[in-house]
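Single-structure report; data block below.
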Amino acid sequence: MDAGCPRLPDTVLFEIFLYLDHADVLSVGLVCQQWRAVARDEFLWKELFYRYYRVSRDVPRHPGAVSWYDEFQRLYDTIPCVEVQALKEHNDQVLHLSFSHSGCLFASCSKDCTVKIWSNELDISLQHSSNMRPYNWSYTQFSQFNSDDSLLLVSGVFVGPHNSSSGEIAVISMENFTLLSRVRNKPYDVFGCWLNETNLISGNLHRIGRITSCSVLWLNNAFQGIESENVNVVKRLFKIQNLNASTIRTVMVADCSRYDSPDLLLDYEEQLAASSSCPVFDLGSDSEEEEAKPKLPPEPAVQELPDAGGVPAEHGLQQLFDDIMEGRVRPAMTETELETKVAELFVRNRTKPPEPNLLPTDTNSKTKYLIFTTGCLTYSPHQIGIKRILPHQMTTAGPVLGEERRSDEFFDSLDHVIDIHGHIIGMGLSPDHRYLYVNSRAWPRDCIISDPMQPPPIAEEIDLHVFDLKTMKEVKRALRAHRAYTPNEECFFIFLDVSRDFVASGAEDRHGYIWDRHYNICLAKLQHDNVVNSVAFSPVEQELLLTASDDTTIKVWRSPRAVRVRQARRPRPRKLLFSWLMNQKS
């Protein structure tokens, strides 16, 4: 035993360990041999873990962990919570961040109407800045690299005639930063996304009545500036009716091909079933591994759309009009209710039925899901729509208006709908696309919406829901900690991001937040001076996180372990070595 290190009973040591800070615990382990003996005691570390992190004891250890000691150390040492750099090149609110798939570059969008490209090296530096004001943009709001990082999709708000605002998508080449094409995007908070390397999805909105509209989703070729008489550069994907002032917004694409080999399974029973064949791996590294997933709550959050059969639309409309004329409609319908009722009856037999067997059964399936926010009761987004994209729909080849439609298939139906019962303010996919994470602000329980233009008040506390896209069910309980304060009419998107083991989100309370995906616990709060709008993990190094804020800065966060490693690798300045040599000579 080390000299000067008193021997204490294990029970006393254990009580001390329970109240020591992380750093104190680890530093004691470097000095005291008695501590080093106890440090490998699994019982002590299991108790310490559950008490310190306040994890429910029915939650098993992470399926990739080899010991409770290593798991405790992982949650202390690999969380990107140390600020290492603040980037201040933007001069207005920074709204969004996105990494390239290689992790070598990332892009930032801002109210200053620029999109900036940054080089992710030892110290992050600005590589290029594109000003979109010459194209009548008001600001840039979203960006996404295509799968081979050769193109960057940039979404922004476009100022049209009479100062009307709409959306526009620009495609920028990463080879020479030239603008390749521009696509209109309405409403602007559709944002847009890549379907594959060269095709992107945009939206358009057509008003049918005061609170009824039709959203059309388009597939666009990124190289629209290259005219061709033989190849289409645009094709209509889907046409979906909107009721009660709702619209389609925030589109994203999920690839189903990895659903049977996810990075992290969130269902604890699946974890146990997979544990016998699950290889051991280092949780601190970013290597690919197979894991297991959590127990689902008893009530599913995803609903299949009801059958639209029944009375033919023509008979239903005629019956409604007859009832109105003869005074049989009681109580009297408002103009808004009448418009919604007529729209529902009209669309009943004018909609293409949902695709059968939505859930993927083939592990090598090329199926993709188009995921977006929508609604049916009010204008605030409170549902998530899911529509399967079939392989023949993933190209602009063929008729511009898509495959020929019968008169009874004027609209496309949704294949699945997830009802959130609150205002959706953010969505993000896990890296394997198996899980969908959703930020929402809940409505009051049992609230009734009588006017679609007056949605219910929303909670300040943000709920972070998790949905399994393989089973179409909600998993785990909602994550909480972050808050927002703006009312419905001023509510804005707060972007979140998911890595292999962590999920992070911005908030209006001037902090970014990090949770552990397996244990469902909040691990860190990352401070800014204003609203945190966006967060982004490096796709190749989850111990690197970026946060973007209304305070005009982008902050770079690394884990304590990564900071130590990078400091050890950083070369000392040569002038210090020269001064030392000169002093030796003198």
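Every residue gets a Cβ built from N, Cα and C, even glycine.
Note that TrEMBL annotation is computational and uncurated.
Under the heading domain 'F-box', TrEMBL lists 2-48.
Annotation source TrEMBL lists repeat 'WD' at 87-119 (among others). Counting same-chain residues at least six beyond the ends of the repeat 'WD' (87-119), those with a Cβ under 8 angstroms from any Cβ of the stretch are 125-133, 137-145, 147-149, 152, 154-156, 172, 174, 177, 495, 530-531, 533-541, 546-550, 552-556.
Annotated region 'Disordered' per TrEMBL: 283-309, in sequence order.
What TrEMBL lists as repeat 'WD' is 525-557 (among others). Within its own chain, the repeat 'WD' (525-557) is flanked in space by residues 78-88, 90-103, 106, 108, 110, 120, 124, 284, 286, 431, 481, 492-502, 504-508, 510-514, which lie at least six positions past its ends and keep a Cβ under 8 Å from the stretch.
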The repeat 'WD' (525-557) - residue tally per DSSP class, helix then strand then coil: 0 helix, 23 strand, 10 coil
